[in-house]
Amino acid sequence: MSSSRPVFRSRWLPYLLVAPQLIITVIFFIWPAGEALWYSLQSVDPFGFSSQFVGLDNFVTLFHDSYYLDAFWTTIKFSTFVTVSGLLVSLFFAALVEYIVRGSRFYQTLMLLPYAVAPAVAAVLWIFLFNPGRGLITHFLAEFGYDWNHAQNSGQAMFLVVFASVWKQISYNFLFFYAALQSIPRSLIEAAAIDGAGPIRRFFKIALPLIAPVSFFLLVVNLVYAFFDTFPVIDAATSGGPVQATTTLIYKIYREGFTGLDLASSAAQSVVLMFLVIVLTVVQFRYVEGKVRYQ
């Protein structure tokens, strides 16, 4: 089997074509990452005018800080809830629209609405609905004797930010899952039905394995979303409270850097978060992708 390679008249043309992307990557990714790594090894005054090299002291201080360790485990718990819940709920709705619900066009449009809402607005929307005194949902819960106050209950606060974050991401996941389900050849589904396989068995034995590549892609995307893009939700909904119950690493970095003006500690936390995401992504590609079959 022969393969052809593109031939350019100028040897500089390939480099010129990739130059814009390389410039963007260097300016907005590599350079900031390098700056964060450099500042994490320094002791910097609050205004950033002077610094002193301290090596790994900032990292040693971090991992002896109980508040930071709490934020670390809160991030793991929060990102797991958001990623798993977001994927399962989106897949459930995509399967409903594809196989069960009539008038799917209306439901497709309805499912896309959260994508048009900014994360902070999504948080404010659910704050109104879960308002302890006047919220519609809290009034409904009170009818069953359940007292809701996420400003004082850490479990309820975590549920609120997870719920708002998942709701915001449902549309994105739904689009990919629905497109993947539509791409499955109907002949496979019909053949399984003729053989006596029910809807549930057809879904788990045929549809789910065939959409595994899309599921893996969304797993990586949702994990990154949970680590970084949920900051506006947490900031608007709980501000990391109560008692830091919803303070994730990204929110603690913001507090340390912009409120506490501790640039060195904030940079060290950024480096730890960056390496954590890199490790999780590598693990996913190494062990999860190996079980995905691309057709």
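Using N, Cα and C of the backbone, Cβ positions are placed for all residues, glycine too.
Keep in mind the model is a prediction, meaning the values are calculated, not measured.
So that you can see what the record holds, here are the features copied from Swiss-Prot:
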type	residues	note
DOMAIN	76-284	domain 'ABC transmembrane type-1'
TOPO_DOM	1-11	topological domain 'Cytoplasmic'
TOPO_DOM	33-80	topological domain 'Periplasmic'
TOPO_DOM	102-109	topological domain 'Cytoplasmic'
TOPO_DOM	131-156	topological domain 'Periplasmic'
TOPO_DOM	178-207	topological domain 'Cytoplasmic'
TOPO_DOM	229-262	topological domain 'Periplasmic'
TOPO_DOM	284-295	topological domain 'Cytoplasmic'
TRANSMEM	12-32	transmembrane segment
TRANSMEM	81-101	transmembrane segment
TRANSMEM	110-130	transmembrane segment
TRANSMEM	157-177	transmembrane segment
TRANSMEM	208-228	transmembrane segment
TRANSMEM	263-283	transmembrane segment
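Within the chain carrying the topological domain 'Periplasmic' (131-156), a Cβ under 8 angstroms from the stretch's Cβ atoms is held by residues 237-238, 241-243, 245-246, all 6 or more beyond its ends. Note on the topological domain 'Cytoplasmic' (1-11): mean pLDDT across this stretch is 66. Helix, strand and coil counts from DSSP across the topological domain 'Periplasmic' (33-80) read 29 helix, 6 strand, 13 coil.
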